[in-house]
Structures are given as C-alpha cells and as structure tokens.
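Q: Dropping a structure here in structure tokens format, bear with me for questions.
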There are 2 protein chains.
Amino acid sequence: MEILDGKKISNQIKEEIAVEVAQMKERGEKVPHLAAVLVGNDGASLTYVGSKVRSCKKIGFESTLIHLPEDTTEDALLKQVAELNANPDIDGYIVQLPLPKHIDEEKVLLAVDPNKDVDGFHPTNFGKMALDMESFIPATPFGIMELLRRYDVDTSGKHAVVIGRSHIVGRPISILMSQKGKAADATVTLTHSRTKDLKSITLQADIVVSALGVPNFLKADMVKDGVVVIDVGITRVPDETKEKGYYITGDVDFENVSKKASYITPVPGGVGPMTIAMLLKNTLLARERHKTKEA
Amino acid sequence: MEILDGKKISNQIKEEIAVEVAQMKERGEKVPHLAAVLVGNDGASLTYVGSKVRSCKKIGFESTLIHLPEDTTEDALLKQVAELNANPDIDGYIVQLPLPKHIDEEKVLLAVDPNKDVDGFHPTNFGKMALDMESFIPATPFGIMELLRRYDVDTSGKHAVVIGRSHIVGRPISILMSQKGKAADATVTLTHSRTKDLKSITLQADIVVSALGVPNFLKADMVKDGVVVIDVGITRVPDETKEKGYYITGDVDFENVSKKASYITPVPGGVGPMTIAMLLKNTLLARERHKTKEA
C-alpha cells in the first residue's frame, strides 16, 4: 500500500510555481495576481480564503482579499465582479462559496469572466473541459488528476467508480477520468443517491473516488484487493479535545480500507492540499494566457 | 418487447410544435426562424440539411439555407456566423459538420452566439447542460431522453451503459442520464475504445446506449434479458440493390437482440427522426427565450 501524499505533491507543485514566478520577476514581468471575494463571516470560508491568500504570498503571487459584509446586495457583488473582470492587473479570481442566501449564486457565477475563472465553475469553462478544449479545470478534480499522474497510477482501461454527482467534484472527475490521456482513459461509472446496490459496483472498481461527505462511508468490505482509493470527503467532526474544537475526516474507513488498497489518499493531507495547489496552478495558467494575448 | 418508435414520436413532437406555431401566427407573432449553413457538397450533409429545411417548412417555421462553396475561407465563414449572430430575425442556426479541412471547426463553433446555438455544441451550452442550467441540449441525446420520457421507461437507479465517448452523443447522454429527473437518475457507466471486457459490463446493463457507428456490434450474448436498447449508430452500407445505392444500419444486431429486449429502437426509424424533431424543439425554445428578452 502506498499513500498518495497530497501534502508532499502539493508542496512540489507550489515549489515549481515559485520557481516560475521568480523567473518572471527576474525578467521584469508582471507576476500572477489572484483575488478572492468573500461575503460574510462563515468560519470554514474564512479559513479556506485565508489559506489561499497565504499560499499566494508564499510562492510570490500578488493577492487581494476583498471581504464584503454579510448584507452585501447582489447588485453590489455583481458590480464588484464587473470591476474584477475589467481590472487588467487581476489574472484570476474566485468568489468563495457559499454566498449568503439573498444572493443568486448562479447569477454571480455567470458574471465571472471565463478567462479569469480560476475556479473553473463558469459553464463555458466546464463545457470546454467536457469537450476537451483548453479551459480552467475545477481545482479539486484537477488535483486528483495531478496526484494520479505524479504517482503514475495506471488508469487506462481500468474501472473507476465515482461516488457522488456534485458539480464541483463527482461530475467533473467522472468526465476527466473517462477522457483520453494520462491518468484518464478509464471506464467510469458515476454513482449517486439513486444508485441501487452500490456495494456490488464498488466491489468491481479498480479505482474508487468518494466525494460524498459522509464519514466512514466506504468500508473494507466494499472494495476489492489492490483498489486505488481517492477520498474527497472533508467533514468537520466536533471534538472538544481538539484545539480547534473539531477534527477533519474523509469518507473512507482508512484504517481498514488501506489494508486492501494499492494506493490511498489520507484525510487530511490527500486531496485537500492538492486543491489549493491547483488553484495556484490555474492562476499561473491565467497569467500565461493573458500574457500571450497581450503580446 | 416494445419498439421505441422514433418516427411516431418525432411526428407527435412536430405536430405539437406546429400547433404552437399556428397559435403564434394567430396572435400575429413572429414565428421561429432556423438557418442552416452548409459549406461544400458532402452527400450526407446535403441530405441532412435538406431534411432539416423541409421539416421547418412543414411545421410552419421560417428557414434559410446558406449554401457556401467548398473553398469558402475560414474568415468568410466567420463573417457569415457574425451576421447570423447579429440578425434579430434568426432565432437559431446550425453550421453543418463536418466542415472542409482548411477550416478550424472549434473556432467556428466558439463564434456561434450560445443563445442561437440550437445544436447545443457551444461549450457554454454544454457546460450549462452539465451543470443543470437552462441550455440547448444537443439534438441526438435530447431525442433519446425525450423518447425514454414519452415511453415512460423507468431509468431511476437503473444501470445505463453508454458505448462511445463522442462529444455529440456518448458524452452528453452519459451526463444527462445520470442527472436528477425523468428518464434520468440512472447509474451510468461510460465505455469507450480503451474499455476492457466490454461484454462483462454490457451484461450488467439495464439500459444500453450504443453510439459507436459499427454495424452489428452489439450482439444478443452481450445483453441480459429485459434490457432497454438505444441504437444511435447510423452507418450507410453500400448496396447496389437499393435505389440510393446503400442501406442504413445501426450498431445493434436487431434481429437477435430484440428478442431479449424490453424496449428497443429500430434503425432507421428510432433515434434518427428524433434528432431532427429536437432540433426543431430547440429552435422553438430559442424563439420563446428571445421573445422573453424582447418583452
């Protein structure tokens, strides 16, 4: 059994990006600039956005945090988005989800310039991804693909079973893994809440990607020997003995499933850190694409 | 065994649309207007486009055929596309594929206004479809979904196996059938050229969608009793005894597979006629959406 060490690989990727940024600076070029828009004071969102901004600083990106109050109107947010679209200094930006309930997320999402949509959530990017065109791939599935590539996990012709059909993980990873290319060319089954007898399906899987958010869901009797397990679940379980008041757990019964697996991602330290690394990678790509257009 | 009669259902749909168009006329409203751009003289393309234009006439749509010579430049075609985008009289249009080799299809595709893209091939529409937003669904998968809905075929929790990962059929139908809703909520496995032991997978299928284009590919020993079979293959097999010099056949060994199937589409007369009906449906939707915006 080998651990797919997302923490290690994400650090490698960040170092590679840092080298590129240093070279940009040496050449006197503009460095990538990521902006993050946060509306309100959701605890998890504050943590995520803070972590993204710190990562930018570490690798030499410019970053801007736009923190708006909880009662920001939809119009005001759309105006902010329009300003970010128009600002040539910003290469890419994210609008941290979830947004307060009085704001229509779809409307905001559609207002983001696809050329700056480093989250890859705009339908134009999603469609380009599905149609094998150049796009921004959503950071979590992009991170899973990169992890599989860096560990040279053989996926071609393998049976990959994805659990969960969310827009940000299950759906895109099911598309990416069934396309042509490295870490892809798999036969992919997408399962979800209506799937009957899931166990009979996961037992056939050479690769399982669990993106459900239910702790301890995937158990050892649901997988076959030698399976590759990607655990995308990140659930905060309240725990007063911890300093933060909670601990993080994935979808997988790691202790027992890992005994049967050939490769497995831990939680934390698996897919999570890869997500931030790939957001930075997308921002670097955005800078490079804008530069090509400017030239 | 029941035939999923695409010819019958497509005629029903066309009649329904004709009724709506007649009502539009009565109210003194503009009727839907479909344009088709054809470059060159490919035999099959001429047939398809001709059939689309005739169908428009029959149901009361306005239609325009723009037939450009084989040596049309990419620039000239892009100019034509820009004119169609700008023309408020045109509700939707298609650029018939394949285009001559000297023209970049992706470039042309991206130039089509997504609001007039009744083929649903633009990445913005494809992405919206994948993300459960209002869009134009590509006509062939849209036709398959509609056929399943009209025959009330139970797909929820069923295992659907799609053969072929093309952008216009395999990929979109695998997405649509695994979404929430009617004729959907299936557990979907997408198979393709790299899939190993396809037979072991199709034997598990409650529903098989074959979109391969290989005559006689799906045989009776590859499916289980009671299977629902959707045959998307349309291959012209040369045959001098036929008036046209060829006959049309699907991917499925119909004679033998139909004995095991609960529902099956014939070729011709199955998915094919549905495709044109759904193109007309998309054009009607385009007209309705434009009207809403004009109001």
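Cβ atoms are placed via backbone N, Cα and C, with glycine included.
Caution: TrEMBL annotation is automatic and unverified by curators.
Fair warning: this is a prediction, and the values are worked out from it, not measured in the lab.
According to TrEMBL, the feature domain 'Tetrahydrofolate dehydrogenase/cyclohydrolase catalytic' maps to A:4-119. Marked as domain 'Tetrahydrofolate dehydrogenase/cyclohydrolase NAD(P)-binding' by TrEMBL: A:138-290. What TrEMBL records for A:G164, A:R165, A:S166, A:I234 is NADP(+) binding site.
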Q: Mind sorting out which of the binding-site residues A:G164, A:R165, A:S166, A:I234 are close to chain B, meaning Cβ under 8 Å from one of its Cβ atoms?
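A: From A:G164, A:R165, A:S166, A:I234, flagged as close to B: A:R165.
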Q: Taking 10 A as the limit, how many CB atoms besides its own sit near the CB of A:S166 (NADP(+) binding site)?
A: 15
Q: So how far apart do the NADP(+) binders A:G164, A:R165, A:S166, A:I234 get, largest Cα to Cα in Å?
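A: This binding site's residues have a maximal Cα-Cα distance of 16 Å.
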Q: On the 0 to 100 scale, where does the mean pLDDT of the domain 'Tetrahydrofolate dehydrogenase/cyclohydrolase NAD(P)-binding' (A:138-290) fall?
A: 97
Q: Report the DSSP secondary-structure composition of the domain 'Tetrahydrofolate dehydrogenase/cyclohydrolase catalytic' (A:4-119) as helix, strand and coil residue counts.
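A: Per-class counts: 61 helix, 19 strand, 36 coil.
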